[in-house]
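*Asks:* Per Swiss-Prot, the feature region 'TRIAD supradomain' maps to 27-245. Annotation source Swiss-Prot lists Zn(2+) 1 binding site at Cys31, Cys34, Cys54, Cys57. The annotation zinc finger is assigned in Swiss-Prot to 31-81, 102-167, 194-223 on the grounds of sequence analysis. The Zn(2+) 2 binding site annotation in Swiss-Prot covers Cys122, Cys127, Cys146, Cys149 and is backed by sequence analysis. Sequence annotations record features per position, and here Swiss-Prot assigns Zn(2+) 3 binding site to Cys154, Cys157, His162, Cys167. The annotation Zn(2+) 4 binding site is assigned in Swiss-Prot to Cys194, Cys197, Cys212, Cys215 on the grounds of sequence analysis. If you look up Swiss-Prot, you'll see Cys207 marked as active site, on the strength of sequence analysis. Taken from Swiss-Prot, the feature Zn(2+) 5 binding site applies to Cys220, Cys223, His235, Cys241. Under the heading transmembrane segment, Swiss-Prot lists 259-279.
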Amino acid sequence: MGSVGRLHCLTMTAAENPTPGDLALVPLVTCKLCLCEQSLDKMTTLQECRCIFCTACLKQYMQLAIREGCGSPITCPDMVCLNHGTLQEAEIACLVPVDQFQLYQRLKFEREVHLDPCRTWCPVADCQTVCPVATSDPGQPVLVECPSCHLKFCSCCKDAWHAEVSCRDSQPGILPTEHGTLFGTETDAPIKQCPVCRVYIERNEGCAQMMCKNCKHTFCWYCLQNLDNDIFLRHYDRGPCRNKLGHSRASVMWNRTQVVGILVGLGIIALVTSPLLLLASPCIICCVCKSCRGKKKKHDPSTT
């Protein structure tokens, strides 16, 4: 198996190692990641889109994508890739260490379960069992029983099963089980669910403005209010979450100053470029009209 895996890795490279007499004839290719010129024996071509990068950069990119991607498909690192290529598992296994590839497979499986409406995870922290979910109407809660710990919970909110109460009206709290304790949405709970995708998030310390790594939703840790559009962090100036951001007043003011500076800079750029666009617009319109007129004459049969 070791020799087969090594043979597969070698076939992924763009060329074989050149002989010493052919070094002067070896072409150099520019890597789109590090912008350095490398010989073909140090490059790797992706199978799906045929984009080529140096092997060292591709290894670093894959390891970073595995750690930050939560099991999502690893796409071609070229932002303007015309084929929108995706790396195959054989390529990933060839270029990253074994433990990194095992982590990728585990995260990929967890993501598949999360996106599958017929499967869900047991909410008990140390159970980690995949439970089957009966088919139902979209958004309709279904009773789910874990085959391992036999916990009965709701398929939508993952709280204890509430037959006569909706998920919104149910009171989430501590779920005692023989395996441990699952925290709900109390203010001091260390584990809460994302208000959008319901993924469990643990907060140890630091800022109270949270961003879900799964759906990128930004919310307040204490009251779960939506903060996607609160760029000035005004939520923590009033109400029950006043002064609970977790940062000093000076750092908050500095953050607001930076945001204002960025907005003012964009406004200045717009003001400076708008007269130039107005002056250049007649030339642009003339060029477009000339091009359209030329195409019309080309396709007009009376001119032939």
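Quick reminder: no glycine exception, Cβ is built from N, Cα and C everywhere.
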*Asks:* Mind checking which residues of the chain, 6+ beyond the ends of the zinc finger (194-223), have their Cβ under 8 Å from one of its Cβ atoms?
*Replies:* 70, 114, 123, 156-158, 187, 230, 233, 235-236, 239-241, 244-247
*Asks:* Can you name the residues of this chain that are 6 or more positions from Cys122 (Zn(2+) 2 binding site) yet have a C-beta less than 8 Å from its C-beta?
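*Replies:* Looking at Cβ-Cβ distances below 8 Å from Cys122 (Zn(2+) 2 binding site), excluding near sequence neighbours, one finds Gln128, Thr129, Val130, Cys131, Cys146, Ser148, Cys149, Leu151, Phe153.
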*Asks:* For a three-state summary based on DSSP, what are the helix, strand and coil counts in the zinc finger (194-223)?
*Replies:* 0 helix, 9 strand, 21 coil
*Asks:* Going by C-alpha distance, which of the recorded positions Cys154, Cys207, Cys212, Cys223 is nearest to Cys31 (Zn(2+) 1 binding site)?
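*Replies:* Sorting the recorded positions by distance from Cys31 (Zn(2+) 1 binding site), the top entry is Cys212.
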*Asks:* Quick check on the binding-site residues His162, His235: which one has the highest count of other Cβ atoms within 10 Å of its Cβ?
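*Replies:* The largest 10 Å Cβ neighbour count belongs to His235.
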*Asks:* Over all shown protein chains, what is the count of other CB atoms within 10 A of the CB belonging to Cys31 (Zn(2+) 1 binding site)?
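*Replies:* The answer is 20 other Cβ atoms.
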*Asks:* When the pLDDT values for the zinc finger (194-223) are averaged, what is the result?
*Replies:* 81
*Asks:* Restricting the comparison to the binding-site residues Cys34, Cys54, His162, Cys167, which residue's C-alpha is spatially nearest the C-alpha of Cys215 (Zn(2+) 4 binding site)?
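*Replies:* Spatially nearest to Cys215 (Zn(2+) 4 binding site) by Cα position is Cys167.
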